[in-house]
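Asker: According to TrEMBL:
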DOMAIN    303-339  domain 'SOCS box'
REPEAT    60-82  repeat 'WD'
REPEAT    83-118  repeat 'WD'
REPEAT    127-168  repeat 'WD'
REPEAT    169-210  repeat 'WD'
REPEAT    224-258  repeat 'WD'
Amino acid sequence: CKASERKGRSSKGEARRSLGAAKEKTLECGQIVWGLAFSAWPAAGETEPACAVALPCLILATGLNDGQIKVWEVQTGHLLFSLLGHQDVVRDLSFAPNGSLILVSASRDKTLRVWDLSRDGRQVQVLSGHVQWVYCCSISPDCSMLCSAAGEKSALLWSMRSYTLIRRLEGHQSSVVSCDFSPDSALLVTASYDACVIMWDPYTGEQLRTLRHVPLHSALDYSSEVHTSSLRSVSFSPEGLYLATVADDRLLRIWALELRSPVAFAPMTNGLCCMYFPHGGFIATGTRDGHVQFWTAPRVLSSLKHLCRKALRTFLTTYQVLALPIPRKLKEFLTYRTF
């Protein structure tokens, strides 16, 4: 933001005040903030809280240390909802990508809760099944599935239509701490303290491949001592051909799925989470010491084959693809069995 449009002289104090007014916005949550999720609020006439403006706006849900979820209108800083129900820290939040204002929260009280902001923040469902703190929740882009990770050796896959458990995804040897769906909902990745990322077919529960974090050659190792490779976070790129992972070996890795190996590394300390910019080209990482860092990520022009596969898989399940009267090799390609 520009501090001032004025071309005339001004004092340094005025410039500082102007700069502060231009760039600072604070939402006073009153508690430690553990989770964040953005969504768009639709225009008036669709669903509108009495306190919201009559135009489309951006809202932010904040998961707090005392179990509350506060939902804010970003532009005005107005508090829209205080959602009560969790008995412990709200660790993660995820809005349904279809704009329905369905919000899922994950908590240390070992539950996930589903909220409908279009119905005055009503609690729709409580999902129980984890025996440890729930760290992560991710809704598939087609809004049909929800994955949750809770520091257990298995991740749980839920139906977003019936809010029932579909299956447990078992295969990791240690705690699962992060999960993410591919942009076409055809793939699911989970990251674990066992230093592995497992790629799943969420429709069948099949393990498609495992990406192992092995120590780098000493010439590339930026750490001065031996560190474990426990994974902290995994994120799909917007075109669905790359993954970003953050591990305790002080490295951010970018993986090409077709190569099953990292194509880029970056040294980072105390990394906890990573996220691709929605339009690609950049990755944001968060650290224990309070910093967010931005990294240039490989850009790729997707092949026509992949674009067709991505388009088809946004509305066809694995079972529907397998039922098509097409050659076996084409089915394998469409179900990501040919990397």
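The first residue you see is number 1, and the count goes up from there.
Each Cβ is built from the backbone N, Cα and C atoms, and glycine gets one as well.
Heads up, TrEMBL stuff is auto-annotated, nobody curated it.
Remember, predicted model here, so these are calculated numbers, not experimental data.
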Asker: What are the DSSP helix/strand/coil residue counts across the repeat 'WD' (127-168)?
Answerer: 0 helix, 21 strand, 21 coil
Asker: Would you mind listing the long-range same-chain contacts of the repeat 'WD' (83-118), meaning Cβ under 8 Å and 6+ residues beyond its ends?
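Answerer: Answer is 32, 34-42, 47, 49, 59, 61-71, 124-128, 130-139, 141, 143, 146, 148, 150, 158, 160, 163.
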Asker: Using a Cβ-Cβ cut-off of under 8 Å, list the residues of the same chain that are 6+ residues beyond the ends of the repeat 'WD' (169-210) and lie near it.
Answerer: 132, 135-136, 138-142, 144-145, 147-157, 228-236, 238-240, 243, 245, 247, 255, 257, 260, 273, 309-311, 313-314, 317-319, 335-337, 339
